[in-house]
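What TrEMBL records for this protein:
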- 60-113: region 'Disordered' (REGION)
- 64-73: compositional bias 'Pro residues' (COMPBIAS)
- 93-108: compositional bias 'Basic and acidic residues' (COMPBIAS)
- 129-182: region 'Disordered' (REGION)
- 129-171: compositional bias 'Basic and acidic residues' (COMPBIAS)
- 178-266: domain 'TonB C-terminal' (DOMAIN)
């Protein structure tokens, strides 16, 4: 066997180093992959790992072709973080539902009672107001009736007083007062035609008693003193009855004696 064949079969120390380095790299990657696969870190930040660069040294000596480059390191698959599972809500106890229903019914009943009490209170207030209004109307009606009654009574009293005054006035008018010749004013003087012969050629005077109303109407004439000629007296009485006085100033009837003179004509 030649020396060259011995050289091909016996590995060079440098080649051993290269191979040892490659094995160490592969083992390191395997260890990293195993560690990463067994780690459970939630939501780890992705770290980009740079591949390890291996620098090959050229050997001038004839060496066998270099082994194929190592396969690209397989990136470890990071499992997505598991979403926390929400626990299903426990079913509500039946007792709680019953209590809630009872509480709700009690509250509803309380609301109904409060609403009923409020309605009753409002209705009572309305009835009280109606009663107050009716009482006020009744009071006003009584007061008005009392005023009307008082007014009627006062009117009756006034009417009675007026009637009494009128009666008194009429009674007073019916009671004539005695008049003097100065109280008498003729509205229409007596008209008597006579001649001197009728007078017996002398002046005559006849005195008569008269009664006259307040408006001056002569109601009665009587001779109290004759002129001496009865026929002349009658004619004088007739003329005086046809005459009229002016109304009296006090509104009363009058009576009295009145001389009626008959003078001779020239």
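Placement of Cβ uses the backbone N, Cα and C atoms for every residue, glycine included.
Residues 251 of the same chain sit 6 or more residues outside the compositional bias 'Basic and acidic residues' (129-171) yet have a Cβ under 8 Å from a Cβ within it. Using DSSP to sort the residues of the domain 'TonB C-terminal' (178-266) gives these counts of helix, strand and coil: 15 helix, 33 strand, 41 coil. In terms of DSSP helix, strand and coil, the compositional bias 'Basic and acidic residues' (129-171) has 43 helix, 0 strand, 0 coil.
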